[in-house]
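Listed in Swiss-Prot:
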type	residues	note
TRANSMEM	4-24	transmembrane segment
TRANSMEM	34-54	transmembrane segment
BINDING	His140, His144, Glu215	Zn(2+) binding site
ACT_SITE	Glu141	active site
TRANSMEM	155-175	transmembrane segment
TRANSMEM	189-209	transmembrane segment
Amino acid sequence: MKRIFLFLATNIAVLVVINIVLAVLGINSQGGTGSLLAYSAVVGFTGSIISLLMSKFIAKQSVGAEVIDTPRTEEEAWLLNTVEAQARQWNLKTPEVAIYHSPEPNAFATGASRNSSLIAVSTGLLDHMTRDEVEAVLAHEMAHVGNGDMVTLTLIQGVVNTFVVFLSRIIANLIARNNDGSQSQGTYFLVSMVFQILFGFLASLIVMWFSRQREYRADAGAAKLVGAPKMISALQRLKGNPVDLPEEMNAMGIAGDTRDSLLSTHPSLDNRIARLKSL
């Protein structure tokens, strides 16, 4: 799922940059537990909020997505009309619609709010799927927009960021303290960054779990919008058109990994299909 990968990558980068800038400026988290928690919340939520605000721009730039302003082909006109019709059913402002060139069957939705969003599809998706299946994929992405998944993800990421920063500083303070009560600032900064990365990885498991639950919900939303058979057909098509991607890129695809994993942004295709059949 592109929006999750881009959000997490941007969030981590911003979090690291903020910490470095604050350290260079001499703004630290020394003080009582209350001030440390407040400092951690500012750092944690700033990163996730900036990631959210930049998500649409970063998504466009990263894949070279071309927004359809005026349809040039019948296919582009159909895409716009389909997204517009689905947005009306959700009572949403029509998202921007974009196409990007990639042989990989893929699609994603992103944006800072329910009424300022982007839905993009790859040329590979359009080439490999029928109109009914593409309609189901669009409905899945529209469900993410309608459910406000990006904003909810921002809040969750902000909370876990806060505890990542808070706990890493607590541990760094204990390790960097000398016998005479003084503290090595270099050791403090290094230890806090190491534990921030470690705790950040553990915190990502929480975000990934949340992402998998939202995928089930988006599948259900798509089924409600266009019917479960179309969504099941789209997922089965993804199973029949595997794409050889580096392991670190699996989270970028609409299907995610084919197996269940703690680090997967998506449930397995088989589990998603089974869940849809049980509706």
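Including glycine, each Cβ sits where the backbone N, Cα and C put it.
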Which chain-mates of Glu141 (active site) that are at least 6 residues away have a CB under 8 A from its CB, listed by sequence?
Ala107, Phe108, Ala109, Ile119, Ala218
Run through the Cβ atoms and count how many others sit within 10 Å of the one on His140 (Zn(2+) binding site).
26
For Glu215 (Zn(2+) binding site), just count the other CB atoms lying within 10 A of its CB, please.
26
When you measure from the Cβ of His144 (Zn(2+) binding site), how many other Cβ atoms are you left with inside 10 Å?
27
